[in-house]
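Read the structure below first, then the notes.
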Amino acid sequence: MSTSFACTTCTVAFNNAESQKIHWKSDWHHYNLKRKVASLPPLSAEVFAGKILSIQKQNEEVQKKAEFYQNCEVCNKKFYSEGAYSSHMASKKHRDNLSKFQRNSRIKKLQSEDASSIASSTLSMGEPVVDSEIEEEEDLASQLTSRAISLSNLSLHGRESEPSKTELATSIPQSNEASKSHLFTQEPTPEEIEAELARRSSQRLSPRDCLFCAASFSSFDTCKKHMKASHSLYIPEREYLVDEPSLFDYLAEKISIGFTCLTCNREFKSLEAVRAHMQQKGHTSIAYDTEDEQLELSDFYDFTTSYPDYAVKQDETVVEEDGSSGEGDWEDVSDDSDNSSLDSLEMGRVPIADEYELHLPSGNRVGHRSLSRYFRQNLHSSSTAVGDGASIHQNVARRAMSGNARAYRQAVETSIAGVRDGRKNYSASHIKSFQDQRRREEFANKMGIKNNTKKHFRDALLQ
């Protein structure tokens, strides 16, 4: 073979010039030229073809991923990425929705089978069913369907609960006669409600059981210390609490029977569920912020000691008790004694002149806090309160201190007398910058206090 037609870049020879020209236009030759520029050895035709096939395969995979589309009928979602679709299929939410979807499908299948069996039933004599009897059977089928749906939504206080297979099996009668004699209603019966209450009452927590976990203790005080140390339980208005055991009994009943969270009042399906919620969310405190929440616990508190007239009423009670000891202890007092002396009880009372001023027995007057901006004003004394001689003396002194004399006195008081003007200006600017820095720090502290978004702060030492 003649070697006059060869490609030194790819190290191949050709029979004629046409083959050589076609080779020079090929991708293989162009690729080897780039490798030659990069000081790399050339590739053979087989290796280059393998690289082309691998690149085409990768492009097909990328195109396949770009055209990916899947629809989840259970969750009613669309996915355009294989990773997102696989993650969704493995998620707990999808599994829960799938179980609900399958359960609803079984219920619908049972309902359709029962309705079809009742509609196609015939009399025992083999005669066709009359139109009126067909309508009666259809009404019965609809009632059975509503009963199955009501069992799926049966709850004590509006909470949803899932029916078991045995309940669905027993709710559908086996014979036509039993179906006619046993008609159901959509609302739960009082017997079912009492049974549910009895079941929950059997799980009621005792005073020695922790409200937030499964721990149990030998005494109520030990249990209370555990809840305070381990779960940060805080009892609001402890100084006014008069019936602490009853309060904890009510909280235990709210958690173990009502399955309700103490903080957010959210209802759950079981005791374990509400405990897990309170531990995960940190809802281990008693809700006592709104007026309704305070009224809910008002039976366990007594706030009479916080009333302003509580001390006066206590004194009156003591006086009445002392006076009712016996009729022989009474003495006649003349009318003059009433005018000459005041009752000690009346002197202890503080008369209120109006709603903005309080007159104390000592003669002082206390103003209302809403008028504090006026009480803090430092007003100059009026000239009428000073005699004529004093006013003349003040005018003479004011004239004497006017102008340069006043400036010199101010300089002496600020210890800058005899200092050059440049030094004075520097001192004044330094004082001004210090005042500006102080204002900035005060503003920063004020904004920090104002923007503190922590809603609740209760010191454990103040309980």
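Here the Cβ of each residue, glycine as well, is placed from N, Cα and C on the backbone.
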If I go by Swiss-Prot, the feature zinc finger sits on one of 5-30, 291-316, 343-368. Which?
5-30
Scan Ser117, Ser150, Ser427 for the residue that Swiss-Prot records as phosphoserine.
Ser150
Check the candidates Ser155, Ser171, Ser285 against Swiss-Prot and report the one noted as phosphoserine.
Ser155
Looking at the candidate ranges 259-283, 384-408, report the one that Swiss-Prot labels zinc finger.
259-283
Tertiary contacts of the zinc finger (208-231), as residues 6+ beyond its ends and Cβ separation under 8 Å
245, 248, 251-252, 255, 262, 275, 278-279, 284
Outside the zinc finger (70-94), at least 6 residues beyond either end, the same-chain residues with a Cβ under 8 Å of its Cβ set are 101
Residue counts in helix (H, G, I), strand (E, B) and coil for the zinc finger (208-231), per DSSP?
11 helix, 2 strand, 11 coil
Write out how many residues of the zinc finger (70-94) are helix, how many strand and how many coil, based on DSSP.
11 helix, 6 strand, 8 coil
